[in-house]
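**Q** Structure below; questions to follow.
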Amino acid sequence: MADSSDALPAPSNAQPAQTARRPRTPGSASAERLQRIRVKNRRKRYLDLHPEYFGPSLELADPLLYDRLVRRFQSAAERRAQGLARGYSGRLEADLLRSEAKLDALAHPDPSAPLTYRRRATGEIVSEERDDAPRSKEEGLARWREVMERRFLNGEDAEFEYAEVDASEKYDDWAEEEREREEAYFGGEEPAWVLDEIGAEGGGGGESGGRMVVGETGVQDY
């Protein structure tokens with residue numbers, strides 16, 4: 001008889017233990033959602049109180065888009081006044097960034113961009129529309145402001161100190177937050193039905209098998 005000490009150990013099919021992830025509870029998900037809403041509401045409130053954020057210097061955020069939506073409708077006098085307000089260095093920076101953006105768009109055309117660029121025989125780089133361009137100065141400004149506001153609310157302005165706004169209660173809109181809280185509460189609530197057993201005295205029978213479906217406010221009527 002073979003010595004049991006020489007027997008090979010049986011192969012083990014046991015898998016290494018894994019740390020189970022704790023599922024998020026509905027309450028924590030709602031709290032996270034409310035926090036995201038609170039942050040965006042604070043950023044929106046900041047813009048409402050500081051309209052100067054949309055001043056001429058914001059052109060540098062997207063020179064080509066500004067050129068298409070706003071600058072195209074400006075008169076020579078308006079451009080000159082804007083340049084004086086920026087100062088020599090600010091005007092030079094805007095012109096330089098605009099030129100670089102046009103050269104980059106010419107060298108690396110984006111098929112999804114609303115504009116394409118080509119170089120004329122004179123060497124001038126000109127744009128061509130791919131979609132509906134704004135028809136008026138007011139429409140162009142509104143579209144520019146909408147794009148820049150969405151950019152700000154999404155936290156995409158790399159030069160802005162969002163922490164100072166996101167953590168400040170002075171930008172809270174309590175009425176709006178209360179509405180959002182109610183929507184989050186009622187939107188995630190499921191109907192709670194109570195199945196009440198009906199005794200023999202109640203004439204138990206019928207399709208519910210001797211039970212009546214009762215809602216929070218009374219008998220459910222089908």
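Every residue gets a Cβ built from N, Cα and C, even glycine.
Keep in mind that TrEMBL annotations are predicted by a computer and have not been checked by a curator.
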**Q** According to TrEMBL, which listed range is region 'Disordered': 1-36, 145-180?
**A** 1-36
**Q** If TrEMBL is the reference, give me the range from 119-144, 197-222 marked as region 'Disordered'.
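**A** The listed stretch tagged region 'Disordered' in TrEMBL is 197-222.
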